[in-house]
């Protein structure tokens, strides 16, 4: 048993030296703290004598973004480590391998992925990821199916659900996504130029009803073990490879919350593109790539999910005629609604995305913010009536065409 | 720490003597094992020198009904004790008071309610309980509202949900209610005269779809802390008093499962009445009483639940316009569907009810069984389209009028 204390780079090196691998006895270890998140320390340790490296991630007992005043349970480190191991078992090579962990120190030693790039940055830099939709579709289909009552023993699922009770992390989501954007709240964060939009969010009863229904689903629907924060900042990519990281928000919740997170962040990037391209042809080409990614992510996910339904179903009643289609329809609607909620909060809530915030021209940035809100609100309001990814993309197009600034 | 062993009556007396109350030092204690359930020992201990008595309930590590071959976790004793204490806090006097417990021995020492009668027996004996609907409506409204995200801190709810993970008990429900009645299964139990009905249950795809949806809700929808087995055999009554017992199936599930259990068991008794009354006027009078109880239980529950919504709501988004009505509508539909599923299983599944089984005349018994199945199937099939208790009662009447034997 170790006593919890936040590590220094030297502590991280000392720990690395005690590990059976990957470093040789004569390794010349260097360590840099590279965490850019708000909740953790991340140590990158490399052997200067060899092409070997590891990551040590340690949870902090508070959220840095608001100082030490927002305490967070260290339990999330154990939860993150357990779900990484679970996801590695279900999708080998799609999450970092866990080499070692210490739950008392709230730390995990894992595979270094620094040959990959964070997908949000990759997209901003103009990267294309032709295999991403297949990869993430496979990842979501397998992790969600095999941790749901469809694909795992239903009694083991209940025990596992008890191990993934994650109240502090869930509260962050409940507050920042399903509450604060819709009222005056200290942590809200938006530019004065869109005060009219923020005001509209606070007074739109139709929107509030749909957000309340999505919030209820997040609070009560223990459908599968979610990543819980599956945005493009939690995904490492190369053109050939996709790796999902940072599942510290994991808990048993509605599948559409994960799928919606991916779509939302692709759509956030899509909305930022006019602020990044002067050339209209290049802009249109890039927009098409992003919208096709949205389409492909859902299509790949649905197709793999339905394949697993055909091959690996364990629930005796789930073969009832029509049940699979109703299940997937509801999952798609949830996906659309959660995607919308995640877009709205990235404009007016505490945590923004670089896709939008790094647009230098204030008018273009405001245009992107309004476009994001229009798409987000439309997906939220229409979610219970959407049936196909084509209808979702039509909803996006209609929302975009309605923007006037 | 005590080592688990099943108690003898003498063990129970020895334990009673060590308790600070209610017995005097010179008490002359007698003990009878009165359990008629399948899963527990129940010791009734009385002081022959005074008007004092207690109950000691101890969980067995297996289900008696199928011999020792069906092992059950003793965790349910701790869960039952904790929910009794929780319900006593929320509804003082509506559950037995817990005096003492020993989780290692899987036993709880509690208030003796033998001045009450088990409601199922009371109904069979022709009793009327004019306050029952008010009492049970209040009990369900308060226990369900205050253990849901509507009425309790949402982070504490998650921790509590972890403490009430109850896989073995849930599996009994999943198998006996949401699976076996719809296929050939060893534990199914029905008379040869209704083989045609059992066959119809196995081949009705429309029914299977609705059962699959209800099963999914039972598996995933952690809405509130349920009693989990709220039939009329789990309720003690007098004309003035109602006490709920035996919450060992407690877990966080869909509210409609509890409300539906009460309605189902009133309707089961209603369906048994023609087998108990020769006189048509008396029969009609009693049937009206039962159908009015069904109406009143829902009405009282809904009215109290909505009052709590007005006075004790803690969820910031649940004030969204229209949300309360949608929430109650869904809860009503769930109630109807679960009521139907609970009726069907009592005819063809493992565990029957005395209301039906004690009808001596075979033809009348068969008629009651067919009537129950007709009502149950209609409620299951129509649940997603029902909006009012009047519509539910119309559905019952239509189903009853369709019976021909």
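Note that Cβ sites are derived from N, Cα and C of the backbone, with glycine treated the same way.
Around residue B:248 (ATP binding site), a 10 Å sphere centred on its CB holds 27 further CB atoms from the protein chains shown. Annotation source TrEMBL lists ATP binding site at B:40, B:57, B:111, B:112, B:113, B:246, B:247, B:248.
Annotation source TrEMBL lists substrate binding site at B:229, B:345. Look at residue B:229 (substrate binding site): DSSP puts it in coil. Packing around residue B:229 (substrate binding site) is summarised by its Cβ count: 20 other Cβ atoms lie within 10 angstroms of its Cβ, all protein chains included.
Annotation comment: TrEMBL describes B:31-264 as domain 'Aminoglycoside phosphotransferase'. Computed over the domain 'Aminoglycoside phosphotransferase' (B:31-264), the whole-number mean pLDDT of the model equals 94.
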I'd like the number of other C-beta atoms within 10 A of the C-beta of residue B:112 (ATP binding site), please. 16
Which number gives the other C-beta atoms within 10 angstroms of the C-beta of residue B:113 (ATP binding site), all protein chains shown included? 19
Do any residues at least six apart in sequence from residue B:40 (ATP binding site), in the same chain, have a Cβ closer than 8 Å to its Cβ, and if so which, in order? B:57, B:58, B:59, B:60, B:248
